Amino acid sequence: MEIAIIGAGPGGLTCARVLQKAGMPVTVYDADTALTARDQGGTLDIHADTGQIALADAGLTAEFAALARPEGQSKRMLDPSGAVVMEHLVDDDEDTAPEIDRAQLRGLLAASLAPGTIRWGHRVTEVRPGGEVVLADRPPITADLVIGADGAWSRVRPLLTPATPEYTGISFVEVRFTEVDERHPAIAELVGQGHMWANGDGQNLILQRNSGGHVRGYVGIRAELDWLARAGLGRADGRGGVVDANGVQALDTERVRAELLERFAHFAAPLRRVITDSEGDLVNRPIFALPAPLAWPHRPGLTLLGDAAHLMSPFGGEGVNLAMLDGAELAREIAAGGAPDEAVTRYETRMLARSGPVAAGANGAIKEFFEGGFDLADVPDFAEETEQWKANAAAYLAGREN
Ligand SMILES: Cc1cc2nc3c(=O)[nH]c(=O)nc-3n(C[C@H](O)[C@H](O)[C@H](O)COP(=O)(O)OP(=O)(O)OC[C@H]3O[C@@H](n4cnc5c(N)ncnc54)[C@H](O)[C@@H]3O)c2cc1C
């Protein structure tokens with residue numbers, strides 16, 4: 001059986017690894033020209049009850065542990081005056097949801113595959129009924145099973161559902177700092193060992209410590225999708241960016257900075273340094289989500305996993321965890337033998353039932369957080385959450401034994 005996975009993100013790579021471990025042939029196609037062709041974003045917490053189970057199925061627990069940062073789970077919350085309203089410190093032996101850089105996670109998964117499994121520079125433009133995968137500037141390929149692991153703007157999804165991602169009303173502008181302890185001590189103090197949030201009404205500053213002295217974060221705002229265009233920075237491109245008169249993507253970082261500083265004028269000076277001191281471009285990332293819960297009638301020869309199936313807001317940090325668990329579960333079902341179509345149906349039934357409520361919760365949480373200000377009472381009890389993840393993991397594994 002020819003299996004084609006479209007997308008070498010964490011979900012697609014986990015699926016490929018678990019299939020290969022079971023001796024099944026698989027090829028992964030990705031639009032990127034190489035593993036490191038694009039900046040891979042920030043840090044991800046890998047949960048005991050989802051992502052870590054997938055990594056165990058992939059036989060990569062030790063590789064993950066070697067890179068993971070348990071102390072990165074520490075959290076601080078500040079109010080706009082800079083006062084700390086909550087602090088939660090995590091020891092470096094707490095392994096319930098350790099952090100890892102997204103680039104490191106993708107790298108360790110990619111390195112676990114047989115050479116040549118991933119075909120870089122293969123951009124899928126369309127998938128046709130019958131398993132024909134149309135590629136940009138290359139001949140098409142065919143497969144018995146096409147797995148859409150191609151993220152938010154999946155080219156596989158239109159064959160299964162007309163649903164498309166919708167703007168949540170929240171935009172995140174990326175900030176970054178290198179050699180933070182030496183070059184940006186004020187930022188290093190704000191972020192501590194893990195995460196920092198500073199919350200206003202419809203404004204939120206987020207910092208996250210990554211490996212190698214890097215800090216990445218987001219300036220989150222409740223805003224129209226075309227807020228940059230409305231601020232006079234160019235013509236809206238429909239995805240939160242702006243283009244110039246020639247249709248070329250335009251980004252005037254200093255004007256973006258000035259616009260953000262205006263929106264955060266009532267934040268204390270040390271917090272505003274997140275905006276003033278950020279290095280490089282201030283890239284706008286509007287947060288899109290698929291309608292949730294989402295389901296589709298099963299169609300032989302095709303399926304979806306991860307963001308392609310259930311793109312959700314990042315609140316709750318479940319996106320990558322579910323993507324990896326989807327990938328591992330789908331691979332295990334296929335590798336168990338029997339009719340592939342029945343295996344995929346079993347996977348879809350479980351995956352859709354699991355992801356629907358999680359996505360609906362994450363999409364509701366981001367809207368609530370950015371509307372009407374922040375309520376400390378809404379902050380989860382982290383100790384309770386940790387115990388819940390452990391209990392969920394035990395229940396999931398016990399359920400699988402039966
Ligand atoms: C600001 C932000 C913060 C986040 N923070 C967290 C967090 O803290 N915790 C968490 O769990 N999740 C977080 N997420 C979500 C997380 O990044 C995603 O859920 C996760 O990466 C999904 O994995 P995936 O494999 O399904 O898709 P992706 O990681 O999106 O991978 C898709 C792959 O498909 C490829 N591709 C796309 N289109 C094509 C095409 N046409 N042809 C071929 N290849 C294609 C891409 O190059 C990519 O490699 C965050 C997301 C955002 C936007």
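Quick reminder: no glycine exception, Cβ is built from N, Cα and C everywhere.
Per TrEMBL, NADPH binding site is recorded for R38. In the three-state DSSP scheme, R38 (NADPH binding site) is classed as coil.
Secondary structure from DSSP puts D45 (FAD binding site) in a beta strand. Per TrEMBL, FAD binding site is recorded for D45, R102, D307.
Taken from TrEMBL, the feature domain 'FAD-binding' applies to 2-182 (among others).
Summarising the annotation, TrEMBL assigns domain 'FAD-binding' to 302-354 (among others).
Of all the binding-site residues listed here (R38, R102), it is R38 whose C-beta has the fewest other C-beta atoms within 10 angstroms. Between the listed binding-site residues, namely D45, D307, the fewest other CB atoms within 10 angstroms of a CB are found at D45. Residues in the domain 'FAD-binding' (302-354) partition by DSSP class (helix H, G, I; strand E, B; coil) as 36 helix, 3 strand, 14 coil. Cα to Cα, D307 (FAD binding site) and R38 (NADPH binding site) are separated by 18 Å. For the domain 'FAD-binding' (302-354), the mean pLDDT of the prediction comes to 96.
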